[in-house]
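What Swiss-Prot says about this protein:
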type    : residues                                                                   : note
BINDING : Leu9, Ser10, Gly11, Gly12, Leu13, Asp14, Ser15, Ser16, Thr17, Val18, Leu19 : ATP binding site
BINDING : Cys189, Cys197, Cys200, Cys203                                             : Zn(2+) binding site
Amino acid sequence: MPKKAVVLLSGGLDSSTVLAYALNKGFEVYAISFDYGQRHLKEMKSSEAISKFYNVDRKIVKVDLRSIGKSALTDNIEVPSRDISTIEEEIPVTYVPARNTIFLSIAAAYAESLGTNEVFIGANAIDYSGYPDCRPEYFNAMENALSLGTKIGLKEKFHINVPLQYLSKADIVKLGVKLNVPYELTWSCYKGEEEACGECDSCQLRLKGFMEAGFADPLKYSKYPEFYSKNLVKLRPLKRR
């Protein structure tokens, strides 16, 4: 009988790849998505589409982080457009205070209710926006805290699986292509428009990943950054098996 695992599923490129990865490793996957008052609610539709594609159970948890505020993802603060070369220089206004700590705590509670000590998250510490709760030392500390603070953790160590942690965005895309991830169903843009903006950190890092992997991103963008548009003709269309 396969072991159960809870996968944090936002509907983005990374979390969708991790869900496919966990399934490929033989886990019985239970997805969990968070409606936290984010402006880019389109990602919730993507997480629904991904969970239906893979036919996995998906739990939606509402945690209104707008009451805490101080993030461009939840407040009326402009989402910045930065040069991709400067993205990791400082923590941007899109950082949501303690978001991963809140989400992982709830995901761990869900996992414990299912009788498992396995949680998967699609965080990455290579091509990322510099969020402090995406670093390896953070996940090590959080894993120890959950092992100490849960009933199941007293019997066996709680595992926060971060399989994409040391992969570049290009490597993540390549892994997803190998796993046949339906990237056309995913959503990464921080803005909740009909088309992805192509300017926010998340869009640029995603496009950089596809470009360096040699594939064209299947999503529609209202604007492409120059580094991507000048290489677009060289990129292969993404075709799933």
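Yeah, the Cβs are placed from backbone N, Cα and C, and that goes for glycine too.
The binding-site residues Leu9, Cys200 differ in how many other CB atoms lie within 10 Å of their CB, and the one with the most is Leu9. Close to the recorded ATP site, the chain also has Ser47, Ile50, Gly122, Thr186: residues not among Leu9, Ser10, Gly11, Gly12, Leu13, Asp14, Ser15, Ser16, Thr17, Val18, Leu19 whose Cβ is within 8 Å of the site's Cβ mean position. Cys203 (Zn(2+) binding site) has Gly11 as its nearest neighbour among the binding-site residues Leu9, Gly11, Leu19, going by CA to CA distance. Its own atom aside, the Cβ of Gly11 (ATP binding site) has 23 Cβ atoms within 10 angstroms in the protein chains shown. Cys200 (Zn(2+) binding site) sits 15 Å from Leu13 (ATP binding site), taking the C-alpha atoms as the reference points. Candidate binding-site residues: Leu13, Leu19, Cys189, Cys197, Cys203. Fewest other C-beta atoms within 10 angstroms, Cys197. For Ser15 (ATP binding site), the same-chain residues lying six or more positions away in sequence with a CB closer than 8 A to its CB are Val7, Leu8, Leu9, Ser47, Ile121, Gly122.
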